[in-house]
Amino acid sequence: MSIINTSYVEITTFFLVGMPGLEYAHIWISIPICSMYLIAILGNGTILFIIKTEPSLHGPMYYFLSMLAMSDLGLSLSSLPTVLSIFLFNAPETSSSACFAQEFFIHGFSVLESSVLLIMSFDRFLAIHNPLRYTSILTTVRVAQIGIVFSFKSMLLVLPFPFTLRSLRYCKKNQLSHSYCLHQDVMKLACSDNRIDVIYGFFGALCLMVDFILIAVSYTLILKTVPGIASKKEELKALNTCVSHICAVIIFYLPIINLAVVHRFAGHVSPLINVLMANVLLLVPPLMKPIVYCVKTKQIRVRVVAKLCQWKI
C-alpha cells in the first residue's frame, strides 16, 4: 500500500506500523498479541468481579486496586482497535480524528494509572504508619471522592492534547512509528510550529515524574516504619502487601522509561525495537498486574481459586 508523502496536500489520514520487516508474519504475530490482550482483559475483569462480589474485600486498598484494574482495562481497550486492524486485517490507516481520540484515551488512562499507584502508596503508608486511624480517615465516601478527583485530574491533564494536535498542519509525512497513536509520535509529523505541544508534552511527562518520586518517597518511609511493628507476623504481612504494590509500580514505570529513552535516541535505534518497546508499554503492564496481585495477595488468590472451583462444580 502506497503512503502519501507530499508537501502540497494536507494529510487527514495517518498510517500506523506493525513489525517493520516482518509484515509477512503479521497474522502469526497476532496470535500472541491477541492472547495477551485476552489475558489482560480477563485478568483485570476477574479482579473487578472478585472485589465487587466479595464483601470482605470492600475496603480502601481493594477499592484502589479496582481503580487500577479499570485503568488497565481502559489502556488495553484504547489500543486494541488499531493493533488488531494492523496485525489481523492488514489495515494500518486511521483517520486523524480517530488517532487524536486514541492518543487522548491512552495518555489519559496512563496518567490515571500513575495517579492510582500514587494513591495506593499513600494508602499503604497510612495503613502501616497509623493503623488505628486508617479506617476512620479512609472512609468509603472519602475513597470515592479521591477516585473522582484523580480521575478528573488525569483526563483534564491530557484534554488539550487532541486540540493542540488538531491545530497543527500535517503535510509532509503521515507514517507513525507505532501500532497506535501517541502524542509525542504524532506531533513530530507536523509541518507547522509545534512548540506548544513540545512544552505541554514535557509538562505531562513532568507530572508522571513527580508521581514516581512521591511513590518512591512513600515506600521509603514505609520500609523505615515496618521494622518498628511489634508483631513479626504483621511485619511480614505489611512487607508482602508492599511487595505486590512495588512490583506494580516497576511494571508500569519501567516500560515508560525505556520507551522515553528509545524516543530520545530514535535515530540510533532500529524501527523494530521502537515498535516492540511501544507494544510492551501497553501490553505487558495490564497483563502482569493481575497476575502479581493474584499471586502476592492472599485474599484475592483464595477468592479466585474458590470461584474457579465453584464454576468447575
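Just so it is clear, glycine is given a Cβ too, placed from its N, Cα and C backbone atoms.
According to Swiss-Prot, the feature topological domain 'Extracellular' maps to 1-27 (among others).
As annotated by Swiss-Prot, N-linked glycosylation site applies to Asn5, with the evidence given as sequence analysis.
The feature transmembrane segment is assigned by Swiss-Prot to 28-48 (among others). Long-range Cβ contacts of the transmembrane segment (28-48) within its own chain (Cβ-Cβ under 8 Å, at least 6 residues beyond either end) map to 18-19, 22, 65-66, 69-70, 72-73, 76-77, 80, 83-84, 87-88, 279, 283-284, 286-287, 289-291, 293-294, 300, 304.
Annotated topological domain 'Cytoplasmic' per Swiss-Prot: 49-56 (among others), in sequence order. For the topological domain 'Cytoplasmic' (49-56), the number of residues in each DSSP class (helix H, G, I; strand E, B; coil) is 7 helix, 0 strand, 1 coil.
With a threshold of 8 Å between CB atoms, the same-chain residues lying at least 6 positions outside the transmembrane segment (57-77) that come near it are 37, 40-41, 44-45, 47-48, 50-51, 105-106, 108-110, 112-113, 116-117, 119-120, 123-124, 127, 134-135, 138, 140, 143-144, 147, 241, 248, 282-283, 285-286, 289-290, 293, 299-300, 303. Summarising the annotation, Swiss-Prot assigns transmembrane segment to 57-77 (among others).
According to Swiss-Prot, the feature topological domain 'Extracellular' maps to 78-101 (among others), an assignment based on sequence analysis. Within its own chain, the topological domain 'Extracellular' (78-101) is flanked in space by residues 1, 11-18, 23, 26-27, 29-30, 33-34, 37, 109, 161-162, 165-166, 170, 176, 179-181, 186, 279, 282, which lie at least six positions past its ends and keep a Cβ under 8 Å from the stretch.
What Swiss-Prot records for Cys99-Cys191 is disulfide bond, and it gives sequence analysis as the kind of evidence. If you draw a 10 Å sphere around the CB of Cys191 (disulfide bond), it holds 14 other CB atoms from the protein chains shown. According to its DSSP assignment, Cys191 (disulfide bond) is coil.
What Swiss-Prot records for 102-122 (among others) is transmembrane segment.
Look at Swiss-Prot and you will find 123-141 (among others) tagged as topological domain 'Cytoplasmic', backed by sequence analysis. Same-chain neighbours of the topological domain 'Cytoplasmic' (123-141): 58-61, 63-64, 218-219, 221-222, 225-226, 229, 238, 241-242, 245, counting only residues six or more beyond its ends whose CB sits under 8 Å from a CB of the stretch.
Among the features that Swiss-Prot reports, transmembrane segment is placed at 142-162 (among others), with the record citing sequence analysis.
The annotation topological domain 'Extracellular' is assigned in Swiss-Prot to 163-198 (among others).
Marked as transmembrane segment by Swiss-Prot on the basis of sequence analysis: 199-218 (among others).
Feature annotation from Swiss-Prot assigns topological domain 'Cytoplasmic' to 219-238 (among others).
Counting residues 6+ beyond its ends, the transmembrane segment (239-259) has Cβ neighbours under 8 Å at 61, 68, 110, 113-114, 117, 120-121, 124, 128, 208, 212, 215, 219, 222-223, 226, 277-278, 280-281, 284-285, 288-289, 292-293, 295-297 in the same chain. Residues or ranges marked as transmembrane segment by Swiss-Prot: 239-259 (among others).
Taken from Swiss-Prot, the feature topological domain 'Extracellular' applies to 260-274 (among others), supported by sequence analysis.
Taken from Swiss-Prot, the feature transmembrane segment covers 275-295 (among others), and the record attributes it to sequence analysis.
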Sequence-remote partners of the topological domain 'Cytoplasmic' (49-56) [C-beta within less than 8 Å, at least six residues beyond its ends]:
62-63, 65-66, 299-300, 303-304, 307
Outside the transmembrane segment (199-218), six or more residues from its ends: residues with CB under 8 Å to it:
107, 110-111, 114-115, 117-118, 121-122, 124-125, 157-158, 160-161, 164, 183-184, 187, 249, 253, 256, 260
Just give the helix, strand and coil counts over the topological domain 'Cytoplasmic' (123-141), going by DSSP.
16 helix, 0 strand, 3 coil
Using a Cβ-Cβ cut-off under 8 angstroms and a sequence gap of six or more, which residues of the chain neighbour Cys99 (disulfide bond)?
Phe14, Leu176, Cys181, Val186
